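Look at TrEMBL and you will find B:466-534 tagged as domain 'EfeO-type cupredoxin-like'. Summarising the annotation, TrEMBL assigns domain 'Plastocyanin-like' to B:616-721. Per TrEMBL, region 'Disordered' is recorded for B:1-25, B:560-601. Annotated transmembrane segment per TrEMBL: B:31-50, B:56-77, B:98-116, B:155-178, B:198-220, B:232-250, B:256-275, B:287-304, B:324-346, B:367-385, B:391-413, B:434-453 (among others), in sequence order.
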Amino acid sequence: MTGVDLWTIVRFVHILGAALWVGGQLALSLVILPLARRMLSAEAREGFVGAAGRRFGLLTVALFVPVQVATGVALAWRAGVTWESLAAPGYGRVLAAKLVLFAAVMLLAAAHGWAHGRGRRDLARALAVAALVGSLGVVLLATALSGA
Amino acid sequence: MSTGPNETAAPTPERPRPGASSASAPRVRHLRAHVVIVVWLALALITATTQHTLPVAHWLAIHLFLLGAVTTAIMVWTEHFAVAMLHAPPPDPRWGGVRLIALNVSAVAVLTGVAVDWPVLAGVGTLGVVAAIIGHVAALVRLGRGALGGRLAPVVGYYRLAGVALIAGAVLGGLLATGALGEAGRTGVELAHIHVNLLGWVGLPIVGTLFMLWPTVLGVRMEDRTVPVARRVLWLTGLGLLLAVPALLLGARWPAVAGLAVYAVGVGWASALFLRTVLRRAPRSGASWMLAAATCWLVVGVVADLGLMATRELSHLDPALHGLLPVLLIGFVGQTLLGALTYLLPVVLSGGPTDRAALADLLDWGWRTRLVVLNAGVLLLFLPLPAPVGAVGFGAAAAAFAAFLGLAAAALVRSREGAVTGGAGGAAAWRAPLAGAGIGVLLIVFALVAAGLPAGTTSGGGGSGTAATGTRTVEVELKGMAVSPSRIEVAPGTVLRLEVVNRDTQRHDLRVEDGPRTPMLGEGESHLLEVGPIAADLEAWCTVPGHRAAGMSMTIAVTGSADGGAESEPGHGHASPDGLDPAAEHSDGWEPRSAVLPPAEEARVHEVELRAVEADIEVAPGVSQRMWTFGGTAPGPTLRGKVGDVFEVTLVNDAEMGHGIDFHAGALAPDEPMRTIGPGERLVYRFTAERAGAWLYHCSTPSMLQHIGNGMYGAVIIDPPDLEQADREYVLVSSQLYLGEPGSEGQVAKMREGRPDAWVFNGGAGQYAAAPLAARAEERVRFWVVAAGPSDGIAFHIVGTVFDSVYKEGAHLVRPDDPGGAQVLDLAAAQGGYVEAVFPEPGHYALVDHDMRRAEAGAHGIVKVTP
Ligand SMILES: [Cu+2]
């Protein structure tokens with residue numbers, strides 16, 4: 001097991017978490033929800049979509065966010081990132097942008113849950129797509145970071 | 001269906017799909033596609049207007065416009081028109097949607113990849129663009145199968161050929177964007193990329209569509225000869241591109257000119273037909289005027305391009321073409337888009353005749369003013385006027401575009417409402433995700449901008465001094481014989497990246513002491529230099545000869561370092577490996593430069609190719625030095641012939657700076673054959689050797705001191721008619737050796753002061769001491785000697801011999817049967833001659849420059865004489 005240290009595992013968990021979350025959103029919105037729309041009756045669909053959304057939301061809050069934040073902070077600490085260095089162009093600026101975008105995506109996802117609960121379907125869909133696209137942006141910035 | 005010209009522009013009926021509202025489905029698709037086009041246009045406009053602040057913005061604006069907006073529009077409309085012209089059933093809309101999405105996602109990937117300098121992403125995006133277009137071309141081909149084929153079916157050939165052009169153009173663009181190419185072939189690939197995309201992918205569909213659209217917009221019937229003309233124009237433009245694009249790739253200028261001329265004939269023929277149509281009914285609407293003006297700009301652009309290419313070397317074409325881009329991009333492509341959309345949007349988006357008229361009214365608002373402002377703007381940009389006027393022109397064109405964008409956005413919003421209320425939720429279903437995607441994309445764009453996408457935000461004199469250890473990116477401009485900022489201060493250990501932009505018309509580069517260097521950058525080109533962690537003060541400078549001396553240097557200072565003051569520490573850093581070690585060994589695998597001179601070839605015409613190229617050469621035992629060379633060696637190859645022979649020398653410049661050549665053995669006017677040629681160019685130098693002698697040839701580019709001093713010299717031996725056969729012949733070119741970075745301040749100072757690090761025969765200090773020349777006792781050996789300088793001559797002597805023959809500068813001074821003898825052949829810089837000696841017995845005979853300073857500093861060797 002030479003070469004695999006604790007930090008490799010932390011980075012693995014961080015990337016795995018991001019992949020699962022973005023992948024989960026993609027699977028929900030590209031596979032499961034369209035199928036539900038086509039194959040279920042209006043009532044069953046309503047219930048199913050709501051339940052799927054709640055389950056994914058719960059997973060996000062209980063597992064995904066804590067894991068991402070914890071591993072992310074640890075990785076940043078290890079990389080010697082300081083508050084000032086976040087303002088510096090290059091790595092720092094990209095990381096800061098990624099963090100802000102991540103926060104925005106989380107807000108959008110939360111707003112989506114709220115809108116869905118209020119029965120505002122259009123708004124909820126718009127927010128869901130925005131969160132999905134935004135999270136792709138987070139991944140994009142993360143890849144830019146690993147190249148920097 | 002009637003066969004009037006209007007048929008083709010009408011929206012084609014769709015087969016109803018279950019669950020979708022039949023009437024509004026195509027309308028909604030058009031709506032979506034045009035929202036995307038308008039967004040791309042808006043982004044392009046924003047980027048173009050802010051381009052002075054961002055280094056990659058020039059590239060970005062052009063590609064947002066062409067790759068984003070125009071390519072999407074062409075894909076949508078060529079498919080739409082192909083269906084109409086072929087009378088074909090419409091293809092599966094879902095696949096059309098997939099292609100459009102793939103194209104747009106890939107375009108985003110390409111643009112992002114280049115903007116954040118991530119070549120892999122740009123490469124993947126390029127592949128996506130190619131895949132989308134292959135699908136598009138396949139769909140166009142499939143449409144043609146079994147279709148009824150209308151009168152204008154040949155126009156679809158334009159669309160297919162255009163698709164093929166984009167595939168080629170995208171591949172070339174991908175090579176450029178990912179940096180997969182070296183510097184060598186870049187110019188040709190760039191030119192081919194520009195031409196195949198602009199004239200092929202964009203030009204062909206526009207010209208083809210105009211055959212139908214132009215009479216439609218004017219409201220007259222098509223000319224009878226439209227179809228045969230369309231066919232011929234397709235052949236001409238297609239063949240022209242097929243000739244021009246590979247020729248540009250290969251750097252073959254005249255075939256490229258010929259191809260472009262054929263293309264121009266095709267465009268001219270089409271324009272003549274359009275003109276005849278106008279003569280029957282003058283344009284009255286905004287759409288028709290814009291299309292007319294756009295076609296005029298196309299003709300202007302193609303003719304100007306042809307003229308430029310015919311009068312300029314390809315390697316000098318790029319900057320000139322940049323002047324032409326506004327004409328083609330704004331005047332032709334942009335205006336065509338405006339005109340076509342003005343006409344077509346009401347046709348495809350309206351729910352009925354009243355709706356259509358209202359939309360048309362909306363889009364026509366203020367068209368006269370917009371038309372005049374736009375074209376005046378293009379004219380200002382096209383004419384060679386001072387920069388502020390160009391800015392005014394750009395502002396005018398941008399304002400006209402912005403006005404259209406506003407109108408188009410209003411039309412889209414309006415018709416979306418119509419589609420929603422009239423079209424039973426088909427559009428509403430898409431509205432929310434579309435809005436969501438828009439929000440998401442906006443977020444990403446803001447994040448990328450905040451991330452410092454072009455990374456140039458800390459330009460200026462630096463010295464903030466507060467940056468913590470980490471990565472720091474600084475924008476560096478090369479302009480007006482200066483590097484700005486001229487000083488950067490960083491905390492120790494900071495990882496420094498320099499975003500180097502050349503804002504000068506001349507080519508420059510930037511080399512960091514003990515660090516990386518950029519390639520030679522043309523005007524507007526930029527390069528990201530990863531300097532790495534900074535531990536000590538560094539200098540950086542332009543390596544073009546003379547430019548550093550003129551002030552093109554900068555200091556990277558570590559804050560808190562001892563000499564971190566304002567003085568620019570001259571002399572620091574270019575520590576050349578001064579003081580050669582005479583006891584050192586040559587490295588493994590080192591080979592001496594052969595001094596053996598073969599007899600002249602029988603041929604009376606000598607064709608030689610010399611490539612100017614930089615090479616690392618072992619110039620003294622264990623010392624490698626970057627040299628500027630003819631053919632990879634210093635001295636360059638020795639040429640030999642007889643009196644009256646013709647030498648046809650092709651100089652190919654494979655180096656990064658300009659070079660030329662000057663043969664002392666021939667007499668002709670220096671202007672043309674000795675001119676400096678740029679990187680990638682070639683030059684034929686033809687001279688007749690009327691007179692015998694040992695001649696010098698050398699680089700003719702200023703500073704000749706530096707070009708010769710860095711290795712660009714060689715010998716031409718023209719045998720005197722009465723030259724006797726010798727047992728052996730050697731050629732020795734003597735020169736001074738200057739170590740250090742070529743063109744650097746320190747090295748040039750040594751040249752100016754005549755303080756070489758060594759004196760050498762055939763480019764190597766002491767090389768014939770390490771690898772002696774061979775001879776046998778009693779043999780007559782002839783030594784040709786040429787003094788290449790750049791400054792010193794030579795006093796050539798062979799210890800232990802008496803010269804019984806001396807031939808110097810065209811005259812025999814001593815002949816074997818003369819009673820006198822000679823001990824030295826003395827040559828001033830650039831003189832040449834030969835001496836002969838008969839070695840009396842076996843032994844080691846030293847050959848030296850009898851100026852003993854020089855002999856001891858490299859100008860010595862051994863002739864090893866065996867029985
Ligand atoms: Cu030169």
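Including glycine, each Cβ sits where the backbone N, Cα and C put it.
A TrEMBL annotation is a machine prediction, not a hand-curated record.
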Stretch among B:155-178, B:287-304, B:324-346 sharing the most Cβ pairs under 8 Å with the transmembrane segment (B:56-77): B:324-346
Positions whose Cβ lies under 8 angstroms from the transmembrane segment (B:198-220), at least six residues beyond its ends: 5-6, 8-9, 66, 70-71, 74, 77-78, 81, 85, 152, 155, 157-159, 161-166, 168-169, 226, 229-230, 233-234, 237-238, 241, 244-245, 263, 266-267, 270, 273-274, 277-278, 280-281, 283, 285, 287-288, 291, 294-295, 298, 302, 328, 332-333, 336, 339-340, 343
Secondary structure content, the domain 'EfeO-type cupredoxin-like' (B:466-534) (per DSSP, counts of residues): 0 helix, 37 strand, 32 coil
Long-range environment of the transmembrane segment (B:391-413) - Cβ separation under 8 angstroms, sequence gap at least 6: 31, 34-35, 38, 41-42, 45, 48-49, 326, 330, 334, 338, 341-342, 345-346, 349, 359, 362-363, 365-366, 370-371, 373-374, 376-381, 385
Whole-number mean of pLDDT values that fall within the domain 'EfeO-type cupredoxin-like' (B:466-534): 78
Same-chain residue ranges lying at least 6 outside the transmembrane segment (B:31-50) that approach it to Cβ under 8 Å: 57, 60-62, 64-65, 68-69, 72-73, 76, 100, 104, 337, 341, 345, 349, 394, 398, 401-402, 405, 408-409, 412, 415-416, 419, 427, 430, 434, 438, 445
